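Working notes, beginning with the structure itself.
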Amino acid sequence: MPLSGDLDTPTPPESDLPDLSAALDGLEPRDLLLAVSGGSDSRAMLELVRDWAGDAAGDLLVATVDHGLRPGSAAEARCVAATCAGLGIAHRILTWTGWTGEGNLQAAARAARRDLLSELARQEGRSAILLGHTRDDQAETVLMRLGRGAGVDGLSAMAVRQRQAGCLWIRPLLGQRRDRLRHMLQAREISWIEDPSNEDDRFLRIRLRQAGAALDALGLTVDGLADSAAALGSAREVLEDAALALGHACLSETVRGEVRLAHDSYSAARTDSRLRVLSAALRTVGGAAYRPRQEDLARLDAALLSGGPALPARTLAGCLVRGRGGQVEILREPARLPDPAPADQWWDGRWRLADRPEDAPDRLVIGALTAAGWRDFAPDMPSGPDCDRLALEVAPAIWHDGKVIAAPFLAEAAGQPTPWQIVAHPRRSSVFLRLTPR
């Protein structure tokens, strides 16, 4: 765990350290889960949050995500665990084993980290997750996204506090420079872990850090870029508020997880609001971590405007979008459904078995009902012109030894009571949570 070398900026006095009270307003130490990798930013965050917590610091919870992508990552996680043990703070190591070698590694790692942390927060009753992003990270992100032709959302600032999928994410150090935080650690004789991937110039973020002096000479300073991001962040908030208002006007949700869209309200709105609402609905139903590509989203929006409730079925982002019964419905695409999972785990990111009869067998799994499962389980239930067979076929059911033994949503559609209960994930199942990022 080598310390950084000499730094160019003076060491701030202890009285001049960041005040976290605004970022953590309304929270207690027992509410917090800190994501700490052991690098200088997150290690400084741990130290400053301990100062803020005072005598209640022992109520904090720290987690380190081991992505398993480098030989030393497990040892680094254990090092953070040992540090926390010495401080009297509980620590958890979260291990990711989901990298397949395909796609964008950094995006996949970010999504895995978010899912692991949010699930731990839910299990431990923590209402807020703290991340160690700094002002330097803010500026680097703006430059990276500028090169990709990003719009307002991409170029606007990361928020200090952001509610996403039902969880409050806080970046208490977002206004601080990395060098300042490292000076604080050195003054307290606290070491940190130097991640060797921070020297890997295959990654654009690392190349931007290495080009820092040249960028400063061109006037592209960290502070200037971060200030621009903050200004665009204010503009984004106005657009998000407009999209939320449109969502309340035109969207509704069913207990099975479909989203329905009132065409008249939707088509009368501005383009930006429509695309935000449509993206939120697709991500809620399809489970994607990020919005669809802009061109794909715009193409579907144009089809909705022209086709409305008569829209022929089409697919995007794991969803099937169709006109039905005088409105537009967004439901799960059958071909993109995941394999069944143990019934006590979240299937498709949204559904889990919550209640069962006392005599229910073991080794239950949860998965889509499917047409074949419905046919074997209850071929005559329900029936009639109002029966939405496709929506029921993609709805979750309980399987045992290759056969459906319970289909609560099918029973509900038929008006029949059932002792089985499948519940939706409290943070991933509402489109309105997707539309309420703050």
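Every residue, even glycine, has its Cβ placed from backbone N, Cα and C.
Nobody curates TrEMBL annotations by hand; they come from automatic prediction.
Database features, via TrEMBL:
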type	residues	note
DOMAIN	32-210	domain 'tRNA(Ile)-lysidine/2-thiocytidine synthase N-terminal'
BINDING	SER37, GLY38, GLY39, SER40, ASP41, SER42	ATP binding site
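Ranked by Cβ neighbours within 10 A across all protein chains shown, the binding-site residues GLY38, GLY39 are led by GLY38. When each of the binding-site residues SER37, SER40, SER42 is scored by how many other Cβ atoms sit within 10 Å of its Cβ, SER37 comes out lowest.
Within the model, the domain 'tRNA(Ile)-lysidine/2-thiocytidine synthase N-terminal' (32-210) shows a mean pLDDT value of 87, rounded to a whole number. A 10 Å cutoff on Cβ-Cβ distances gives ASP41 (ATP binding site) a total of 21 other Cβ atoms nearby, all chains included.
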